[in-house]
Amino acid sequence: MAAPWVLPAPLSPAQLKRLEQHRYSSAGRSLLEPWLQPYWGWLVERLPPWLAPNAITLGGLLLNCLTALPLIASCPTATEQAPFWAYILGALGLFIYQSLDAIDGKQARRTNSSSPLGELFDHGCDSISTVFVVLGSCIAIRLGTNPDWLFFCCFVGLFMFYSAHWQTYVSGILRFGKVDVTEVQIAITMLLLVSAFCGTAVWDYKVHLVGLELKFFAVVGILCGTAVSCFNYFRIIFGGGVGKNGSTIAVAHMTKSEISLQDTAFIGPGLLFLDQYFNSFIDEYVVLWIALFISLFDMLRYATGVCLQIAAHLHIHVFRISSHQAPEQVQNHND
């Protein structure tokens with residue numbers, strides 16, 4: 001058996017017991033969803049019945065990350081012009097990820113393999129993918145020319161993801177707005193295609209009527225969407241993450257338990273804070289790499305520990321459809 005610091009068991013017996021009572025519940029329908037449902041239905045019918053939903057989710061995440069990496073590597077400051085194929089690859093990877101993310105739940109219901117582990121796996125992968133999607137969109141419109149806006153757009157995506165699951169933690173229902181994640185992913189796919197065929201310089205074109213570059217219209221759209229979504233989320237939160245944080249709040253909601261204030265996820269940011277506090281006595285670039293590896297290791301060990309622990313408790317497999325499956329756990333908004 002692996003040491004606890006390598007492969008922890010984050011959930012208590014009481015949390016695992018409450019996990020059995022969890023039922024996924026969602027409400028709302030976004031604008032594009034009715035139009036995409038036939039495509040998603042057709043796509044899921046092409047999948048073999050032995051393919052596990054979690055394998056679909058993980059495959060989509062890996063594809064999205066791998067297709068975004070060439071774009072990130074080509075544009076380290078989000079001001080460069082990447083090769084044509086990098087934008088096409090990023091757009092294709094994001095579209096495929098969106099498609100797979102939409103059908104993993106359908107495959108679970110189709111094969112009678114729905115479980116709390118599948119919901120957690122889906123949200124956990126989304127929390128990681130959010131980082132790459134946001135970076136891809138910022139690179140597509142060359143937002144690195146305005147570092148303040150780049151910083152804002154990167155973190156507003158993570159904040160909105162966390163807030164969506166925060167209101168789910170409070171209300172027990174994952175709510176979808178008219179403009180939600182599907183619309184955002186399709187819009188970013190279009191941004192990548194425009195940058196591929198027109199070049200990123202097109203986003204620097206200034207609209208003389210208002211004196212603003214085209215890229216700022218995208219930022220204004222983000223601002224408006226954020227304001228509306230925040231109003232809807234916090235109206236529920238006050239009335240009642242991302243990365244590991246996004247997974248942690250999903251686990252807390254599903255196990256009906258409190259979120260721990262002490263978390264090893266704070267080690268990486270803590271190192272960066274201390275290095276700044278002591279006037280960068282260690283090179284910032286070195287500390288950033290150290291924080292990255294610590295955070296990556298911490299996220300992987302937490303996610304692996306939770307998935308294996310839940311799978312063992314429910315007597316199911318993570319990446320295989322088991323002969324014994326948990327009872328139906330889904331109350332969906334769009335089926």
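Just so it is clear, glycine is given a Cβ too, placed from its N, Cα and C backbone atoms.
Under the heading transmembrane segment, Swiss-Prot lists 53-73, 84-108, 116-140, 151-169, 181-197, 213-238, 267-276, 284-313, citing similarity to another entry as support. Under the heading CDP-choline binding site, Swiss-Prot lists N54, R109, citing similarity to another entry as support. The Mg(2+) 1 binding site annotation in Swiss-Prot covers D101, D104, D122. According to Swiss-Prot, the feature Mg(2+) 2 binding site maps to D101, D122, D126. Per Swiss-Prot, the feature site 'Increases basicity of active site His' maps to E119. The feature active site, proton acceptor is assigned by Swiss-Prot to H123.
Around N54 (CDP-choline binding site), the C-beta neighbours below 8 angstroms that are at least 6 residues distant in the chain are D104, L117, G118, F121, V318, F319. Excluding the listed site residues D101, D104, D122, the same chain places P53, I56, T57, G60, L100, A102, I103, G105, F121, C125, D126 with Cβ atoms within 8 Å of the centre of the Mg(2+) 1 site Cβ atoms. When the recorded positions R109, E119, D126 are screened for a C-alpha within 10 angstroms of the C-alpha of D101 (Mg(2+) 1 binding site), the residues that qualify, in sequence order, are D126.
Here the Cβ of D126 (Mg(2+) 2 binding site) has 23 other Cβ atoms within 10 Å, regardless of which shown protein chain they belong to. Counting other Cβ atoms within 10 Å of each Cβ, the lowest count among the recorded positions R109, H123 belongs to R109. The list of residues near the transmembrane segment (267-276) in space but at least 6 beyond its ends in sequence, with Cβ under 8 angstroms from a Cβ of it, reads 282, 284, 287-288, 290-292, 294-295, 298.
On its own chain, D122 (Mg(2+) 1 binding site) has T57, D101, D104, G105 as residues at least 6 apart in sequence with a Cβ closer than 8 Å to its own Cβ.
When Cβ-Cβ distances under 8 Å to the transmembrane segment (84-108) are tallied for each of 53-73, 116-140, 213-238, the top count falls to 53-73.
Through the fold, the transmembrane segment (116-140) approaches residues 19-20, 22, 24, 53-54, 57-58, 60-61, 64-65, 68, 71-72, 75, 78, 82, 87, 90, 94, 97, 101, 104-105, 108, 150, 153-154, 157-158, 161, 165, 181, 184-185, 188, 191-192, 194-195, 200, 203, 218, 241-247, 250-251, 254, 299, 303, 306-307, 310-311, 314, 316, 318, 326, 329 of its own chain, all at least 6 residues removed from its boundaries and within a Cβ separation under 8 Å. Scoring each of the recorded positions (D101, D104, E119) by how many neighbouring Cβ atoms lie within 10 Å, the top position goes to D104. Within the same chain, residues 137, 141-143, 145-146, 149, 152-153, 156, 160, 163-164, 166-167, 170-171, 175, 177, 179, 184, 191, 202-207 sit at least 6 positions outside the transmembrane segment (213-238) and bring their C-beta atoms closer than 8 Å to a C-beta of that stretch.
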